[in-house]
Amino acid sequence: MQRIFSGIQPSGIPQLGNYLGAIRNWVNLQANYECIFCLVDMHAITVWQDPEKLREHTLTQAAILLAAGIDADKHILFNQSAVSAHARLAWIFNCVARIGWLNRMTQFKDKAGKDRENHSAGLYVYPNLMAADILAYKATHVPVGEDQKQHLELTNDIAQKFNHDYKVEFFPQVEPLIPPTAARIMSLRDGTKKMSKSDPSAQSRIELTDNADAIALKIRRAKTDSDPLPEDIAGLAERPEAKNLVSIYAALADIPVEQVLKEHAGQGFGPFKAALTEVVVNAIAPIGQETTRLLQDESYLLKTLHSGAQRAQSIAEPIVAEAEKLVGFLK
Ligand code: AQP
């Protein structure tokens with residue numbers, strides 16, 4: 001069976017974009033792949049995380065993934081820092097990757113903005129750690145959004161250069177698995193900005209632990225324009241907020257955007273938001289309820305993560321030990 005590695009940062013409470021762009025897809029991939037799901041806490045600290053919050057978010061995120069349908073018995077769920085192979089291989093890759101390659105990464109440019117000099121060195125070498133996450137397991141497939149394609153190309157460049165430098169065929173090339181209907185979910189306050197768990201405004205996102213009232217309020221307050229819904233997709237051009245709400249509806253109801261428009265054309269945002277609230281609550285609220293139940297048993301969550309880390313370690317350890325041997329580290 002082909003092996004998948006997927007990560008999510010415990011940098012906040014997962015939001016609807018994480019669900020539609022990643023988690024829902026992960027749940028489905030479990031039927032056909034051997035899956036390794038990782039709470040990438042080492043990636044999260046590339047920007048400041050309050051230690052207490054990081055612990056809390058890691059546990060909450062584990063609970064959310066289990067509540068959403070990740071099977072931690074058949075597959076592997078763990079937090080990245082619990083398996084030292086990630087850090088060891090990342091250091092080797094820091095020495096394989098070229099500075100010029102990292103300079104081209106658009107995510108660093110987006111996240112660091114103009115204030116480059118004041119960001120952590122970790123944020124800069126983030127893609128090398130991501131390459132280590134994947135290659136420590138010799139994973140062949142990685143489910144990612146469009147935004148992560150560049151990092152996967154870098155992973156392949158690193159694998160190729162490692163193999164070339166050490167004259168081996170050791171690390172495989174990896175393939176992105178981009179879900180066919182991967183909608184990019186945008187902020188509820190600004191349709192040109194992606195929905196993000198670390199956006200300072202909680203009103204900009206629907207968190208997977210929001211209850212029905214909170215979801216209804218956030219959708220009611222979501223920014224829109226005053227025109228009714230158009231009859232076709234062309235009518236959504238230049239209307240990013242309207243397009244976003246229609247895309248969320250389509251993704252959750254699992255129907256094409258065209259069908260949503262056919263059913264709601266001519267409607268104002270009052271009734272459409274009410275219909276959207278129902279769709280979002282039906283999909284998200286059960287995950288929130290199950291998460292609350294799971295969070296009451298912290299020792300179960302810790303045990304699940306610990307068992308996942310042990311199983312992850314048993315796959316990664318021989319691969320990374322072999323890489324270290326190839327580099328010439330004395331064992
Ligand atoms: N708005 C989004 N729409 C579609 N997919 C999204 N993803 C994130 N936001 C959206 C996908 O979720 C997966 C895990 O994301 P991550 O936590 O590793 O990092 P991220 O993309 O940086 O997510 P956030 O929520 O924006 O986190 P912060 O605020 O900490 O930076 C990825 O596959 C991503 O594509």
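Backbone N, Cα and C atoms are what each Cβ position is placed from, and that goes for glycine too.
In the structure as shown, the Cβ atom of GLU146 (ATP binding site) sits within 10 Å of 11 other Cβ atoms. In the three-state DSSP scheme, GLU146 (ATP binding site) falls into the helix class. For GLN9, PRO10, SER11, GLY17, ASN18, GLY145, GLU146, ASP147, ILE185, LYS194, MET195, SER196, LYS197, SER198, the entry in TrEMBL reads ATP binding site.
Look at TrEMBL and you will find ASP133 tagged as L-tryptophan binding site. Under DSSP, ASP133 (L-tryptophan binding site) is assigned to a helix (H, G or I) in the three-state scheme. Sequence-distant contacts of ASP133 (L-tryptophan binding site), defined by Cβ-Cβ distance under 8 angstroms and a gap of at least six in the same chain, are PHE5, GLY7, CYS38, VAL40, GLN80, HIS86.
Residues annotated as motif ''KMSKS' region' in TrEMBL: 194-198. Mean pLDDT of the predicted structure over the motif ''KMSKS' region' (194-198): 91.
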Spatial neighbours, same chain, of SER11 (ATP binding site) - Cβ under 8 Å, 6+ residues apart: ALA44, VAL47, GLN49, HIS57, LYS197, SER198
Farthest-apart CA atoms of GLN9, PRO10, SER11, GLY17, ASN18, GLY145, GLU146, ASP147, ILE185, LYS194, MET195, SER196, LYS197, SER198, residues recorded for ATP, distance in Å: 21
Structural state census, the motif ''KMSKS' region' (194-198) (DSSP three-state): 0 helix, 1 strand, 4 coil
Reduced DSSP assignment, ASN18 (ATP binding site): helix
Residues among the binding-site residues ASP133, GLU146, ILE185 that border ligand 1 - Cβ under 6 angstroms, in sequence order: ILE185
